[in-house]
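Some notes on the structure that comes next.
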Amino acid sequence: MNIINIFIPDLPESVTDATIIKWHKKKGDKVQEDTILVDIETDKVILEIPSPSDGILNSIIADKGKIVLPGQVIGTLLKIGIKNEEKIIKTTNNVVNTDNNQNINLKLLEKTYSPTVRRLISMHDLRDVDIIQGTGTKNRLTRKDILNYLKNIRSNTNKKINNYDLNAYNFNTTHKNHRSIKRVKMTRLRKKISERLLSTKNNTASLTTFNEVNMQSILNLRRKYGELFKQKHGIKLGLMSFYVKAVIEALKIFPEINASIDNDEIIYYNYFDISIAISTPRGLVTPVLKNADLMSMAEIEIKIKDFSEKGKNSKLTIDDLIGGNFTITNGGVFGSLFSTPLINPPQSAILGMHAIHKRPVIVDENIEVHPMMYLALSYDHRLIDGKESVGFLLKIKEFLEDFSRIVLNI
């Protein structure tokens with residue numbers, strides 16, 4: 001029989017530690033090689049650690065909630081032969097059962113009260129509950145015991161209380177149940193989001209400029225070619241691919257926005273990695289479309305859908321999230337009409353797209369109804385001036401209102 005250590009794997013350079021969030025197996029469980037043993041959470045993603053071999057989980061050294069480092073041993077695996085396997089399993093099960101019995105016996109010795117009893121004790125500030133004789137199972141205090149005790153006290157002080165009052169008391173205090181609170185420990189991702197957002201507010205000269213765009217042209221294109229697009233590429237023609245293409249062309253014209261500040265230097269990027277804000281059950285993440293300028297609209301739609309699915313299932317990788325020179329966030333999918341998005345550091349700008357609503361607009365001195373959308377560009381004023389930010393947003397407006405300009409490169 002061999003004892004095999006279960007290690008935390010090497011983490012990316014930007015990640016220093018991780019948190020144990022779930023053990024899928026318990027001590028004594030038989031596992032096969034590559035069976036997922038435990039999930040760990042970094043600042044960016046959830047990683048799964050598989051079993052290094054067939055065997056039995058011998059020990060769990062780092063429990064749920066523990067912070068662990070790369071190379072740290074978090075448990076051990078018992079690698080055994082087939083003949084000894086059944087014996088070990090039986091022995092392990094016996095140990096587990098013994099522990100369970102011991103826990104049960106200890107719990108039986110504890111003085112425990114039901115929520116109703118605890119509530120009555122608290123409401124009446126009863127400090128001598130030990131003198132009350134319990135009539136419940138194993139002499140546990142019941143609601144009736146407390147009420148009878150209160151009745152006797154009040155009788156002794158000539159304060160009458162009848163059965164109706166006692167019964168009504170319980171109903172009159174049920175509203176207390178609606179004033180409960182719940183504390184939940186923040187996940188590493190939520191803490192990281194909090195830190196980054198606070199850092200953005202404190203360390204950037206953030207400013208937001210706005211515009212609006214007539215989406216009629218884009219909607220007409222989707223209506224006309226949407227079905228053909230889906231038949232050929234197997235993916236729905238969404239709005240994000242139009243937004244990404246418009247952003248890339250605008251970034252080519254305004255390199256200051258495709259840049260970042262590093263101490264007293266400005267880094268200009270000659271490539272276009274676009275971060276896409278995606279909502280997941282764990283929080284907001286921004287996976288990156290690498291070299292988005294080289295991607296077709298179908299490839300963009302497929303990649304964004306893949307990011308969304310991986311985000312829902314906590315399968316995004318470190319590589320998916322690293323990098324990004326500019327972020328697009330689409331609050332319109334949740335119905336947001338207007339917002340001031342926060343910059344995603346170390347980037348210098350973020351574009352907020354919003355819900356499309358029909359509004360009356362003036363076209364050639366006539367009032368017409370068109371599908372309109374507000375645009376919001378938040379930018380770091382230390383690097384980007386008003387002229388560049390407004391010009392950038394105007395270019396996006398032009399490209400979206402006449403998408404053929406991108407095709408013709410004009």
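Cβ from N, Cα, C; glycine included.
As recorded in Swiss-Prot:
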{"type": "DOMAIN", "residues": "3-81", "note": "domain 'Lipoyl-binding'"}
{"type": "MOD_RES", "residues": "LYS44", "note": "N6-lipoyllysine"}
{"type": "DOMAIN", "residues": "112-150", "note": "domain 'Peripheral subunit-binding (PSBD)'"}
{"type": "ACT_SITE", "residues": "HIS381", "note": "active site"}
{"type": "ACT_SITE", "residues": "ASP385", "note": "active site"}
Length of the line joining the Cα atoms of HIS381 (active site) and the residue listed as 'N6-lipoyllysine', in Å: 28
Local confidence of the domain 'Peripheral subunit-binding (PSBD)' (112-150) - pLDDT mean: 73
Residues near ASP385 (active site) in space but at least six apart in sequence (CB under 8 A): GLU256
Greatest C-beta neighbour count within 10 angstroms, which of the recorded positions LYS44, HIS381: LYS44
The domain 'Lipoyl-binding' (3-81), counted residue by residue under DSSP: helix, strand, coil: 0 helix, 39 strand, 40 coil
